[in-house]
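Under the heading transmembrane segment, TrEMBL lists 12-34, 54-76, 97-116, 128-146, 153-171, 177-200, 220-240, 260-283, 295-316, 336-358, 365-384, 390-411.
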Amino acid sequence: MHKLLTKITSNTLMRGSAIVFVGSMISNIGSYLYHLFAGRILGPVGYGELSSLISLLYIFGVPMVVLQTVLTKYFSECKAGNARGEAKDLYFRMVKILVKITCISCIVFIMLIPLLGSFLNLTTPRSLLWIFLIFVVSIFTAVNLSVLQGFQLFLWVSVFSSVGMFLKFSISTPLAWFGVEWTMIGTGLAAFITLGLLYFPMRFIFTAARKPFPLTKKSLILFSIPTFISLLGLTSLYSMDIVLVRHFLTPQEAGLYSAIATLGKVIFYASSAIVTVLFPVLSERSVKKEPIGKIFVVALGLVCAISIGITFIYFIKPALVIHLLFGSSYSGAALYLGYFASFISLYSLGNVFVLACLAINRLSIWFITVCAAITQIVFISFFHHSIMEVISVNIGVTFLFAVSAFLYYMYSKTSSIQSA
């Protein structure tokens, strides 16, 4: 046991993953308690509406994820060069730009509210306004988190992951008794409080003497655009199916699908701790020209182990899991749980390859994620007569996605060795 602990603490990936994993598990417990209570309070129809709004937030949140990914890479470069003053300059430049962008995007989003409300069959389209406000707060939260991730302060990342979910559960769940809109209001308030608290561990860059960060528009665009497209595809793959199910299937079926989607994503969230640590570590090693193969294989093995373990449980005891977490009104979802877990497992493996490629500047991976996302949307638009039909499309698309991402990673690795 002592040797195992020594090995974990001496390995950057293992140590960071362990810290983030604990925080993400606490956060996931809070998340599933939130969904458990919200699902029971709102019922299948109301919970289906809430899930479609959350999925829409994921899709609108792609710029946030892209921003966090791009800035994490740049802040990891600052860490590699011990350049806190440059990190301070980058931070304030980004905040200034984002304030201008959010003001403009607010006007556009308000104009889209009637259209989106009609497409999702929302009882209260005004809920979409709260979605946008949550998105704005999340954008600035992403900037702060990218600082912590880039400087590999994973303990603080873990702490705020837990704190944010605790606040969301504590505030939003009681408000669920007043309907979907009030649930979203509670979520927005929790996000705002979390943003304020995040400034505490960031003091180290505010006290540094500001120095210009060597960032040109060309280098930013060359990295940001393919990263944006890649992450847009990734987000679409695990979000658009819920939105399309909400549109094509009955409210009851959409509610059941939302339940299995919530449980299936346990796999992705459990393995995301490894990817959260892997990205800045690979980025830093890439800058320093250090080998990445061994640490990548360890990360991939951990994701595989988590995915297989949870999927196995979902196949052998689906009814128990559904009844325990969502109650008897969702019993019809048990039939699909293991299959949905297979879809998310394949997605999680592909996700590792995509983010590894982005970390080492193999940016053409965007083409694979976009093709997969478009294929999923097209096929679900034609094949949506049942929940199982939608899941079958998801499994087929993500299988091809994971294999393609693997082949691209191996090709990139081989070509980089040859060029060296």
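Quick reminder: no glycine exception, Cβ is built from N, Cα and C everywhere.
No contact links the transmembrane segment (220-240) to the transmembrane segment (128-146), because fewer than 3 Cβ pairs that are 6 or more residues apart lie under 8 A. Taking pairs at least six residues apart, the transmembrane segment (260-283) and the transmembrane segment (390-411) share fewer than three Cβ pairs below 8 Å and do not count as touching. Only sequence-distant pairs (6 or more apart) were considered; of these, at least three Cβ pairs between the transmembrane segment (177-200) and the transmembrane segment (153-171) are under 8 A, so the stretches are in contact.
Tallying C-beta pairs under 8 angstroms between the transmembrane segment (54-76) and each of 97-116, 128-146, 295-316, 336-358, 390-411 places 128-146 first. Among the recorded stretches 295-316, 365-384, 390-411, the one sharing the largest number of Cβ pairs closer than 8 Å with the transmembrane segment (336-358) is 390-411. Residues 237, 241, 244-245, 249, 257, 336, 339-340, 342-343, 346-347, 349-350, 353-354, 356-357, 362, 364-365, 368-369, 371-372, 375-376, 379-380, 383-384 of the same chain sit 6 or more residues outside the transmembrane segment (390-411) yet have a Cβ under 8 Å from a Cβ within it.
Residues 11-14, 17, 263-264, 266-267, 270-271, 274-275, 277-278, 281-282, 285, 337-338, 340-342, 344-345, 348-349, 352, 356 of the same chain lie 6+ residues outside the transmembrane segment (295-316) yet bring a C-beta within less than 8 angstroms of a C-beta in it. Tertiary proximity for the transmembrane segment (365-384) is limited to same-chain residues at least six positions away from its ends with a CB under 8 Å from its CB atoms, namely 226-227, 229-234, 236-237, 240-241, 244-245, 248-249, 350, 353-354, 357-358, 390, 392-394, 396-398, 400-401, 404-405, 408-409.
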